[in-house]
Amino acid sequence: MPGILRDYLVMTIGTLCIALALNIFLEPNNVIFGGVTGIAAMLKTLFGLPIGITSLALNIPLFLVGLKRLGGFVFGLRTIFATVMLSVFIDVTANRVGQFVQREPLLYIAYGALLSGIGTGLVLRVGGTTGGVDIVARLLQQWRGIRPGQSMLIASVVVFGAAGWIYGATPVLYALLLAFIETRVIDIVLEGFSDGRSALIVSNKPEAIRDAVLHDLDRGVTMLEGRGGYSGQERAVLMCVISQAEITILKKLIYNIDPRAFVVMTEAVEVLGEGFRPAKAE
């Protein structure tokens, strides 16, 4: 299948997932959701306006800003397509799908967040947006390097604050849980599960640690040149990437050789290459 057709198919599936999450799990249980769609839902509660058409109208000014800043013919087409498809799916499926009404809020929140997060992640993954907060998320990612899931969580919290006086405190608390789960799912869809850990090691015995990592752990090591900020002393800094399961083994290797070694361990959002996922163009 040609790449462009695949991308539009993915966006169609993604927007359908979001609409189903809204109409099956969230709206029937009066769950607040963030972004422009959440604002449209509040307007439905207050004035009876249809969510799909209202969200489409609210998206127009945000789309114009995104078209100017993010630019490009591709962005414009994909955003128009995804935004229109989402609005259509929301209104078309509103009275045509079953409703998952439960007394236990964790169930419908978890299901709704999972389905909506997968849908939003799929749309973002192929370079589209569903308008609204998605456009803001892409702008912040471009300008500040903020993960889309994080910026969408912030925007959702702002909407929840405005919705509190309509729905009360308890639904807002549930909505925060929904947003947290949903944004985590979005980041997983975009970046995958992170099993990689990056280690920076400063030691007086860099060669011995290097050999141990190469031969005992069977991982690659990069030797960097460093200088102490206080002492001015030059030191070798070792950098290696390992799996989460190898953290304890690496620590033992290091501290058996040099108990005074300085180690910084961080999560690697994505690791591509030998020993991890193969690098390939999506």
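Note that Cβ sites are derived from N, Cα and C of the backbone, with glycine treated the same way.
Residues or ranges marked as transmembrane segment in TrEMBL: 7-26, 32-58, 70-94, 106-128. Look at TrEMBL and you will find 219-273 tagged as domain 'DUF2179'.
Among residues of the same chain six or more beyond the transmembrane segment (32-58), those with a C-beta under 8 A of the stretch's C-beta atoms are 18, 22, 26, 83-84, 86-92, 94, 112, 116, 131-134, 152-153, 155-160, 162-163, 166-167, 171-172, 174-175, 178-179. Outside the transmembrane segment (7-26) by six or more residues, the chain places 1, 33, 37, 51, 78, 81-82, 85-86, 89-90, 92-94, 97-100, 108-109, 111-116, 118-123, 125-128, 130, 178 with a CB less than 8 A from a CB of the stretch. With helix defined as DSSP H, G or I and strand as E or B, the domain 'DUF2179' (219-273) counts 14 helix, 24 strand, 17 coil.
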